[in-house]
Amino acid sequence: MAATQLARSNRDWRQRDVRVLVAALIVAVATVATIALYASHLERTLVTSASAFLAGDRQLERENGQPVPQAWRDEAERQGLATARMVEFSTMVFGGGNFQLVSVKAVSDSYPLRGQVEFQADTDAPRQMLSHGPGPGDVWLNPRLLRLLGLEIGGTVEVGNRDLKVTGLLIREPDAGFSMSALAPRIMMHADDVPATGVIQPGSRVEYVNLFAGADDALERFHAWLEPKLGPSDEWKSIQDGQALSDSLTKARRFLLLGGSLAVLLASVAVAVASRQYAMGQRDTVALLKTLGVPGRRISRLYRVRLLVWGMTGTLLGILLALPVFWGLASLTAGMLDRKMDYSVDVLSLWPALVTALVALFAFAYPPIQRLRRVPAMRVLRSQPGEAGRGVWMDVVIAVIAVFGLLWLYAGELWMVLALLGGLAALLGILALAGWLLVLGLRRVVGSGNAWRLALVGLYRHRRASLSQIAVFAMTLMLAATLILVRSSLLDDWQAQLPADAPNHFLINIGPEAVDEVRDFLGKHDLSTDELYPMVRGRLTEINGKPVREAVSKDREVRALNRELNLTWMQDLPSDNQIVKGNWFQPGQTEGLSIESELAQRLGVTLGDRLTFTIGSQTITEPVTSIRTVQWDSMKPNFYMVFPPGGALDGLPATWITSFYLGSSRKGILNDFTRRFPTISVLEIDHIIDRIREIVQQVTQAIEAILAMILAAAIVVMAAVVSATLQDRQREGALLRTLGGRQRLLVNSTMLEFALLGLFAGILGVLAGEVAVWALQYRMFEGAFHWHWRVVLLLPLVSAAVLAVFGRWQLNPVLRVSPMLLLRRLE
Amino acid sequence: MATGSDILKVTDLTHEVALGSGTLRILHNVNLSIGAGESVAIVGRSGSGKTTLLGLLAGLDTPTHGRIELDGQPISQMSEDERASLRARRVGFVFQSFQLLPALTALENVMLPLELAGQTDASDQATELLRRVGLGERLQHTPRQLSGGEQQRVAIARAFAAHPKILFADEPTGNLDNNTGQAVSDLLMALNREQGTTLVMVTHDEHLAARCGRQLHIEAGEVSENGVVPAQGVAV
Ligand SMILES: Nc1ncnc2c1ncn2[C@@H]1O[C@H](COP(=O)(O)OP(=O)(O)O)[C@@H](O)[C@H]1O
Ligand SMILES: [Mg+2]
């Protein structure tokens, strides 16, 4: 039929508006898909790399000295899980004529299930990454221990009744966990050799650990089976439980989600702008179709089909575009970490992109196009006043509901959605007010040959377009600002948490008599130490006179109750702790205690509650006088419970603990130290810190990449919006030139007009961004909020500059040719 | 007819445009002069070069050869910006397709040249002019809401807004029906008389042409007075 010919898709394609719409959709789908793919990829690498901290996906730790039953491992294997065994204990070993207290880790053949062991065949041999531990009869030593014992590779170490041959050096084990029991230098041997040593007697302090690895659902199933069988000394550990790292990972995951959500929002804005523009442009065609007798229903169907065609085209192209971008990003991080590149695509993670495309199409593109059928045929002859604005509010409401529903579905973080919604609401509120002021203020400006005035008049003239452009720019900038701000505070956070000289060694078990000497030693070697904290080990037994087991409801899993806590006393609040309730100890105060806030919450303890601790054979009871937050990821000694000096802990047997930074080139100092203070344990966590740094670096890279992508998408959106009024502005430029406007005037006034638009949008966007960041920061990233003056000042200027350049660029065709030719073109 | 008060003087004007295949000569060796206050009609078949000539006379484009003096200034030798400021002060336009800005109201369209000229009471002057052309009630309407005749009246108001010395009109009634065209041309002539403007008008309309003081015929790029091709090199 000839009438539908007018509305054929391929003809449409020649229209700019359609191309913009499809481009917006492509960008939308590509951004969301890339972020989703990348996030899932990152999650996989991070989890694998984090799982390495456990040497498996899960650990079962048993502290009561009884081996884990073989039947449990059999069940795990039946569920398709891989398993490995570990036994950890401390003992004296003999070698090279010396005795030395060591911490033994005996492992089965399949250890490690995740991660690798860093190994050196000899002191000057290259380091190797191995996927196994020592074989039966072999032992690997910590290099420092080799020197302490005065042994060579090939020498013999006696562990109890068993002679083991030193076949290499243990540089780093993947699961070099940070636990107080790992006090002495490490040796690693085979688990099958343990019985022969005869070291483990009933009642020995020994920890049996089983490792499991496999698919998530299998792990879940196995855990469900296992749970009822677990005793009080059994602990089921996943990577989420490792404080320092899991905090960083949670934040990183949230950031990725935030980035993805912003991409969804931006994409929706782009599609909305483009489709609205398209619908406006189609009104004449629709009116013509109606005069030709095509019924409204048919027209609707016509446009629906076309919407579907472009939707599929855009989605497909978007995904095709996302793949290489994703691979590029993935190879970037892989290259940085010397990891093998993982090209696999998680198809399931594409769903947000597909749903985004659908929602964008049907919540944003469809309503204005659907309304086309209402265009009166009379329009062919004369446009009807007021036609443009009808039904827009309904569209906006539908769109907002759709997008935030989508966000919620996607991110699953109500707070994030609310924060962004709050930011947007603030933005629209300010914008409505500012728009009203703008119209009021600019009405009085009268144009003159002056570029400033012409620019202001221009803003007023195009107030409707100007306001909607400002709204879109401001929204885009708000999203960009949110991401920039969250990113920098996240990175600052991490930077602060792991400065180059973050403490990477702990000294434990410092007797009271050695405290001053240790301080001297560290001072002499120029080792910046934090502070020496006294430590008393005790168990929390009662809350307000009731046994803890009863006081704390059963379903709350409180690990701190299963083991002894480290209690300390101090006068000054550590700088990274923060009092959230109550007051820190006054000088001279000896009463009371300060409890860490999360533990207090889990125990249901508040100010004034009386806690009773059992320390050896004594008990002490003190009221809670303050609740404080602790920076667990600070790599410094941190304590759940703090008492005042001279308080309840006074006179109880204490040892001291401290941490300091030691560069790898100065490791030799540790030998002097151990020789001089044989009873003090040195805990080397430099490898853990390196590991965390590595992960943080990877995440940082990801964050930067996503930020860059979002900014690119933002620029595309802005370009789409600017180009929506391109033709009008070019016509205006041509006419102004004909009427005698000088080129300079035209250039200046246009650039000024756009710069003002950009400045205004920038200010709005950055303010709304701050609102969103404030909310996000408060709930999701747990950082303190502060104004980001640099961004607040810079972003509006940058956006003004960018838009001015856009404005100048769109004038190009107007300036290059004679007015005569321009007029001919515009006829 | 070459007098001291010529407002427009064209000498040996030739205009060519580059086409893909070669060059197309649109105007060939045109000589003419127009006195201040005159009204001149340019007539000729479609495609004969009328619009091109008008554009050159108004300084919207530069000729390939020849010299054009507008109000004593050699516009053919001036820079684009110099010509622009001359246009802003001396020249008004009315186009066949109106050329109103669709985003602006009638009032704002008429205000444009006044603002360019730096007038502070642009709004008052424009309102007055729109009233003069009979659109006092339609100030806030956009071009799409006006009929063709009304649009052309807005365009005429705009053309006279800056009190030009010379007005160029390219088939001002070409897109209008007879009656409307008649009304529009009446208005144009009346305002022209009131303001003492020089009028150069391209038209198909013989009646309208006859109402002008003088007719120039253009055929195949050559201009003749009342159908007579003047002798080479003689200014008419
Ligand atoms: N820039 C140009 N490029 C190519 N051809 C042109 C150009 N300007 C004018 N012409 C051609 O020159 C001839 C005269 O055009 P025009 O002056 O518009 O005629 P008229 O106004 O008399 O109808 C036409 O054939 C037109 O197609
Ligand atoms: Mg013409």
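Note that Cβ sites are derived from N, Cα and C of the backbone, with glycine treated the same way.
As the structure is a computational prediction, the values presented were derived from the model and not from experiment.
What TrEMBL lists as domain 'ABC3 transporter permease C-terminal' is A:261-376 (among others).
Positions annotated as domain 'ABC3 transporter permease C-terminal' by TrEMBL: A:706-809 (among others).
The feature transmembrane segment is assigned by TrEMBL to A:20-39 (among others).
Residues or ranges marked as transmembrane segment in TrEMBL: A:255-274 (among others). Within the same chain, residues 17, 20-21, 23-25, 27-29, 31-32, 35-36, 38-39, 42-43, 352, 356, 359-361, 363-365, 399, 402-403, 406-407, 410-413, 416-417, 420, 472, 475-476, 479, 482-483, 486-487, 490, 699, 702-703, 706-707, 709-710, 713-714, 716-717, 720-721, 724, 776, 780-781 sit at least 6 positions outside the transmembrane segment (A:255-274) and bring their C-beta atoms closer than 8 Å to a C-beta of that stretch.
Summarising the annotation, TrEMBL assigns transmembrane segment to A:307-330 (among others).
The transmembrane segment annotation in TrEMBL covers A:350-369 (among others).
Taken from TrEMBL, the feature transmembrane segment applies to A:390-411 (among others).
Annotation source TrEMBL lists transmembrane segment at A:417-446 (among others). For the transmembrane segment (A:417-446), the residues of the chain that approach it from at least six positions outside its boundaries are 261-262, 265, 400, 404, 407-408, 411, 453, 456-457, 459-460, 463, 466-467, 470-471, 474-475, 478-479, 482, 760, 764-765, 767-769, 771-773, 775-776, 779-780, judged by C-beta separation under 8 angstroms.
The list of residues near the transmembrane segment (A:467-486) in space but at least 6 beyond its ends in sequence, with Cβ under 8 angstroms from a Cβ of it, reads 255, 258-259, 262, 265-266, 269, 273, 420, 423-424, 427-428, 431, 435, 438, 706-707, 710-711, 714, 717-718, 721-722, 725, 757-758, 760-762, 764-766, 768-770, 772-773, 776-777, 781, 788, 791, 795, 799, 803. Annotated transmembrane segment per TrEMBL: A:467-486 (among others), in sequence order.
Taking Cβ pairs closer than 8 Å, the transmembrane segment (A:705-724) reaches residues 16-17, 20, 23-24, 27-28, 31, 34-35, 38, 255-256, 259, 262-263, 266-267, 269-270, 273-274, 277, 325, 329, 332, 469, 472-473, 476-477, 479-480, 483-484, 487, 754, 802-803, 806-807, 810 in its own chain, all 6 or more past its ends. Residues or ranges marked as transmembrane segment by TrEMBL: A:705-724 (among others).
The transmembrane segment annotation in TrEMBL covers A:745-767 (among others).
For A:787-806 (among others), the entry in TrEMBL reads transmembrane segment.
Within the same chain, the transmembrane segment (A:350-369) packs against the transmembrane segment (A:20-39): three or more Cβ pairs sit under 8 Å, each pair at least 6 residues apart. Scored on C-beta pairs under 8 angstroms, the neighbour of the transmembrane segment (A:20-39) with the top count among A:307-330, A:390-411, A:745-767, A:787-806 is A:307-330. Applying DSSP to the domain 'ABC3 transporter permease C-terminal' (A:706-809) sorts its residues as follows: 92 helix, 0 strand, 12 coil. Counted with DSSP, the domain 'ABC3 transporter permease C-terminal' (A:261-376) comes out as 100 helix, 0 strand, 16 coil. Tertiary proximity for the transmembrane segment (A:745-767) is limited to same-chain residues at least six positions away from its ends with a CB under 8 Å from its CB atoms, namely 426-427, 430-431, 434, 449, 451-452, 454-456, 458-459, 466, 469-470, 473-478, 480-481, 722, 729, 733, 736-737, 791-792, 795-804, 806-808, 811, 814-815.
Beyond its flanks by at least six residues, the transmembrane segment (A:307-330) meets 9, 18, 21-31, 33-34, 37-38, 41, 341-343, 345, 350, 353-354, 357-358, 361, 365-366, 369, 702, 705, 709 of its own chain at Cβ-Cβ distances under 8 Å.
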